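Annotated features in TrEMBL:
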| type | residues | note |
| --- | --- | --- |
| TRANSMEM | 6-36 | transmembrane segment |
| TRANSMEM | 48-72 | transmembrane segment |
| TRANSMEM | 78-107 | transmembrane segment |
| TRANSMEM | 119-137 | transmembrane segment |
| TRANSMEM | 157-179 | transmembrane segment |
| DOMAIN | 210-448 | domain 'CN hydrolase' |
| TRANSMEM | 458-480 | transmembrane segment |
Amino acid sequence: MKINNFLLPFLTGLIGIFSFAPFSFKFLIFISYAYLLNIVLNSKDNTFLKVFCWGVGHWGFGMSWLIVSVYYYGETTIALSSLIFVLLVIILTIVFTCPLLFIKPVLRFLKVNHKLHKILFISALLSISELSRYYLLNGVPWLIPGSIFLDTYTQNVYQLFGVSALSFLIYFICTSYIIRNNDKTLFFLLPLLILILIPEEKSTIYKDGILVSIIQPASDPFLKYEGDYYYQIEDNLLSLVGMTSQDSKLVVIPEAELPYPINNERFDDFLRKTKISEKIIMGSWVYNENKLYNSIYSPKYEESYKKTHLVPFGEYIPFIHSLRGLISFFDLPMSNVSHGPKSQKNITILDGIKVSTPICFDITFPNTVRNMNKSSFLMINISNDTWFGNSIGPHYHLAATRIRSIENNRWTIRSTNDGISAFISNKGTIVDYIDKGESTILEGKVNLIDDVSFYNKIGYLLTYIFLFIIVITTMIWSIWKKYIR
């Protein structure tokens, strides 16, 4: 076996990551997926190993922030953290990439020979398989191909049909190139590729709206739950809150910054010291019925939203009794958090304004965010991206937030512990931001919007009806040809 047979798939899977933020070399996703499909459909030998190597390159680089989390914040050896990282990448590859190997046997069984039918069928299967990323392994909605279209005119499709529709477009183009590999196909696909990747020019001048202050404290995650460090956290937060404008209507403090729950006396004492508790909405811990929740809290109305999608190994430990004590990363005080209820009411701010409040990982789940924004005027996203370190993680997380803003036609206030915090318009424009590692405040105006997007009304309904029609009609046609005609 030649090493190039496996090195090339690995590198091709890896380069696809450069399509996503912060790199945004968008055309590379087409090269990466076209190569993968060529292996799946045309490889004569070692197909499994080639697909596996592509997946390892893709997930290994795309999820590289995991090793930052485990090594730096788990305070373990590079050998053990590397082993954990490699195992996670292998699992992601087997679960989300290797099942594509079933495409060729299915085509052979159904005897799908017409090229256009085959292109549509494969593209639909790929899009439907993408759904699994939102459910398997607690959900891994990371590296969704359709998310590369940010800052192009094509991003306007998000507010109509969501990110999955644009994933289908990528699969369709890549499959067309592999199956109809001739000059006529290239003559059609190249102009289409150029057209859909044209950058969109945006205006960032916004004068109207409500004045809001974002707090970014940049607390040290190593010390957050140690001894008396909470005194420093409180002093830093109070200092930053004191810097906010008196005209500011809302002050947003990021995810779980205070290391104690809202029913602790220190929490009430902290709010009193701010002197503006009626303006504050903040990340907090809620302890209720022997369960700990990662929440966002509105002191004025005493309402909270509890985070639904938790980060495995960060907020809860699968197989907890086996893994506790293995490394300190699995022993953090707040690593046994409970999932919030699936259905929760939006919380209230200001004078009765309802807002959606996806916390951290929640923002990467389109349907969760869509349901929250059916009755909101604004989106507030608090997050703790400290665990990403200086990896590509915070940039992709910010990109996901921008896509949710476009999909739901909502302005977003994004407040993170150490960056990237930002004001994001309903068109996905970053109006202003605070970079990683800065301890400061950011003030700007946001608009309240009542109108919902077409996508917010129907979600992926039309997209997946279309996809399932393709799959079902192809199967019916195949059965009719084989057994009835």
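Each Cβ is built from the backbone N, Cα and C atoms, and glycine gets one as well.
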Closest-packing stretch to the transmembrane segment (458-480), where packing means Cβ pairs under 8 Å, from 6-36, 48-72, 78-107, 119-137, 157-179: 119-137
Taken over the domain 'CN hydrolase' (210-448), the model's mean pLDDT: 89
Candidates 6-36, 78-107, 157-179; stretch with most C-beta pairs under 8 Å toward the transmembrane segment (119-137): 157-179
